[in-house]
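Participant: Quick paste of what TrEMBL says about this protein:
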type	residues	note
REGION	1-59	region 'Disordered'
COMPBIAS	1-22	compositional bias 'Basic and acidic residues'
DOMAIN	344-418	domain 'Ig-like'
DOMAIN	436-508	domain 'Ig-like'
DOMAIN	538-631	domain 'Ig-like'
DOMAIN	640-736	domain 'Fibronectin type-III'
DOMAIN	738-833	domain 'Fibronectin type-III'
DOMAIN	934-1029	domain 'Fibronectin type-III'
DOMAIN	1047-1135	domain 'Ig-like'
Amino acid sequence: MPEEKPAAKGAPADKDATKPAPKEAPPQEALAEPPKEAPPEDQSPTTAEPTGIFLKKPDSVSVEAGKDAVILAKLNGKELPDKPTIKWFKGKWLELVSKSGARFSFKESHDPASDVYALELHIGKVVLGDRGDYRLEVKAKDICDSCAFKVDVEAPHQDAAGQTLESFKRSGERTREGKGELDFSGLLKKRQVVEEEKKKKKDDDDLGIPPEIWELLKGAKKSEYERIAFQYGITDLRGMLKRLKKAKVEVKKGSAFTKKLDPAYQVDRGNKIKLVVEISNPDLPLKWFKNGQEIKPSSKHVFENVGKKRILTINKCTLADDAAYEVVVKDEKCFTEVFVREPPVLIITPLEDQQVFVGDRVEMAVEVSEEGAQVMWMKDGVELTREDSFKAMYRLKKDGKRHILIYSDVTLEDSGHYQVMTNGGQCEAELIVGEKQLEVLQDIADVTVKASEQAVFKCEVSDEKVTGKWYKNGVEVRPSKRITITHVGRFHRLVIDDVHPEDEGDYTFVPDGSALSLSAKLKFLEITVEYVPKQEPPKIHLDFSGKTSENSIVVVAGNKLRLDVSITGEPPPVATWMKEDEVFSGTEGRVRIEKRADTSSFVIESAERADQGHYTIKVTNPVGEDMASIFLQVVDVPDPPEAVRVTSVGEDWATLVWEPPKYDGGQPVTGYLLERKKKGSQRWMKLNFEVFPETTYESTNMIEGILYEMRVFAVNAIGVSQPSVNTKPFLPIAPTSEPQHLTVEDVTDTTTTLKWRPPDRIGAGGIDGYLVEYCVEGSDEWIPANTELVERCGFTVKNLPTGARITFRVVGVNIAGRSQPATLAQPVTIQEIVEQPKIRLPRHLRQTYIRKVGEQINLVIPFQGKPRPHVVWTKGGAPIDTSRVHVRTSDLDTVFFVRQAARSDSGEYELSVQIENTKDTATIHIRVVEKAGPPEKVMVKEVWGSNALVEWKPPKDDGNSEVTGYFIQKADKKTMEWFNVYEHNRQTSCTVSDLIVGNEYYFRVYSENTCGLSDSPGVSKNTAWILKTGATFKMPKYKEHDFRTPPKFLTPLPDRVVVAGYATALNCAVRGYPKPKVVWMKNNVEISGDPKYLMNNYLGVLTLNIRRPSSFDSGTYTCRAVNELGEALAECKLEVRMPQ
């Protein structure tokens, strides 16, 4: 006989091991959760100190609404080549500089000693709308880095009696530019505040459930989950069950596994994961399978044995490791699934807008967070692929984390919006391609030279690559000893040395490939010397001379003016230059006089606007004098346009208005050139290549939600002015579309409750709230129902005239204004709607509701009916005892509550809901149970060999619950140490075998019901003495009982409605002997061979598990049990609904 291990006196023991008894042991703590996926080897469980640019990264903060928040960061200046450019973003694109001055302020400081930059972001009077993800971006020449952080806003705890007007406020200080942003957070209802608090608590703690409640759930029975959830206010029952299923590992007696795999595991690509099971016998062979194929040890798959634990480690997980895994020990298996998650690819450096000309080389580059990541290029919504690159003459290139789109020779067709998309974000930019137009920057000037002097013709064009030819009177000029033709950069020169009279003529420069032509004249000035023996009065040789004639000269500002005036007279006269009363006599400086024989030259270096005016030259000698007047006009580019402003914006357009410049430069303004750029960018993009004559321009093809700036240039015949002052940054934005599905939810004599859905298109401007308006039939006036915006999609309009027919409409409001209204198709009659009373009895109350003595009874039963019905509870036709039962009734439900249940609370309760003469009733059966009493009259009826027959009577008190079995123990009279014999014995007798010869035994029996074992056992009055020698036993004759029975379903299959994607199970119970064969069918077709279904039969309890059901799994499911005596069927309907 095997040696028995003793147990403590008075304690029942398990079959395999001793356990304390008879008192009910407290529930064991659930086994620890399976090990979660291990971090990668190169990762540390603790946060590492920031390296590189950031010495201190911004920390995520949580702040109460209405208070200030400060976010700090530090940069290492030693890693930066220049002073960095700092940008703060909310979300992906919204730059916070656009909100600077209202509630957002920024501070930067630099410590030269340590070369550390300190950055601060101040958010004043935080509102709930400030919650979200933020990003700090640092750029310095070719170095760029960014880091993200979160700002969480907690709703303030306000007194319920707070004034509504005090809750409405404006955030930020008043300034001249604006009155501050509107803050509606104080108007949120208390219910919304509670929801926000619950949501945060749910994020911080698993489903918002404290750890002690998890421990209670792990040790509780499945039938008690709903009670515990209701008692502790757990609303997400489905989430609780999924969380508990992962955490609670039940050890099945006699199983090869003491701890199985979780149903599923998740790991990021590139990390490693460990799958752990525990087996009952460390000597048992174990095999791992992946998708049915056995896994062999390798560097990829590592097997470990630690005691009874068997560990499979999968290193550097890839998408190929996303599969079903199976571990097999003997004939037992357990399964799991490993999901490999692709990490999101983030865009580090986005695309930038570019403006180029036809034939240029273009490279559009974007940098992502992962090397070798998949990136999709799109142009105007059409994907750019490598297969089409040969047709479109572009090339896609990957360089580490940089992805480049290259056009070697760009064309006009390549203009458009380009977009780069990854699984973690997207960015876009615009490419504008323009035709190259040759511009003349300096025209050829006429030249007048004397014999043997040098003539120089010079011009400047916009393109330094353009070549050209020189012509004289239509004949091409060739270089010679006297003629030199040069081309340096944008300048083209024709130099003629030792000018001869035959060199006089019209000279023209024609650029190659252009219709332009530049012309000038070469005049040959012959000098004749006459010897006059007598004196001559002075003479000025101009086209117009004399006191009353005038000659005009035009010069471009910045150019050099040299006015050579020939004078004659004997003796040589003296020339004097004057401007009004100012006499010029200097021979050096910007304005000077140069004297030569027979010539007086007036020179102005770099002409200015102030040089414009009337100039007089006066020559005198002893014989007489002469005077001539010249008007000098200085022309220049115009001043910049004034009052440049944006008057209106839309979803992707803006209207720009400006005033003409005050000074036109002496030439009429022919038009304007316009440019725009994104806020913070240094690259300006031209909006027009031809001059625009008007002073109002509509700019299109902008991206909604991006800040832009614009500027204007004025153009005249001289050139282009300096740019105007940039417009204030503006945001292309549009109102939302109209709200959707406006319906009437409820109508009373004075109120109407409306509900609707958010607009289909909200846009970058978001939505601030909704306005509800109504119009009485026969009137055209729309009356606002709410003076303050409503944030939720529902509103009750009050104080309406009874019996009136009223039409309602709702509009969405954001920073861009009101949306189009959503209007009810038919007017609503303001009149109370009578609704019949009806009780909506929960499913779990349609059968007997069982509770243990001392537990709470808390029943919530919803009902409907208008006006508010009269609710009455009775028990057995009599009013309920209000000293034990507490009832609370609202407009929508009634609550039945007993603090500590007693067996006297069992019975049949009736609930009636009545409106006038209409009534609806429901019956609830409540049964309060407790542990049964001990069995009676435990006796040893017969002893033979090493066997003893023990019999007893059922307990007098069954605890108001059926006795489900008995627990039997034995003890040797000498030691009185108790050992387990049988558990869950359903009969009132049992045969105890393998007793030791020569010993005398006592027996005791515990009764068992749904509450557990009885507190005390029934002990046998007599003993069983096993004789040593001479013992004979005569086998009594008896007729064998026929235990065979046909199959019969004890528990039917209930109809089920489940959500697609969530595993479900169909359960029923069958009885029959011989053990019936069970077949599962769907729509009368057997499904035993389908791996999607898992079928279990444990002691007659049948379970069909359906993994991840879809709409195709809906139908009628049948369970058929067959043995030699007959068969039985159980059917149910399964409906699979798609998630909303």
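A Cβ is built for glycine as well, from the same backbone N, Cα and C atoms used for every other residue.
Model, not experiment: these values are computed from the prediction.
Looking at the shown structure, what environment does each listed feature sit in?
Facilitator: Restricting the average to the domain 'Ig-like' (344-418) gives a pLDDT of 86.
Sorting each residue of the domain 'Ig-like' (436-508) by its DSSP state yields 3 helix, 37 strand, 33 coil.
Across the domain 'Fibronectin type-III' (934-1029), DSSP assigns 0 helix, 52 strand, 44 coil.
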Participant: Within the domain 'Fibronectin type-III' (640-736), how many residues are helix, strand or coil going by DSSP?
Facilitator: 0 helix, 42 strand, 55 coil
Participant: For the domain 'Ig-like' (538-631), jot down how many residues DSSP puts in helix, in strand and in coil.
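Facilitator: Split by secondary structure, the domain 'Ig-like' (538-631) comes out as 3 helix, 59 strand, 32 coil.
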Participant: Provide the three-state DSSP residue tally for the domain 'Ig-like' (344-418): helix first, then strand, then coil.
Facilitator: 7 helix, 35 strand, 33 coil
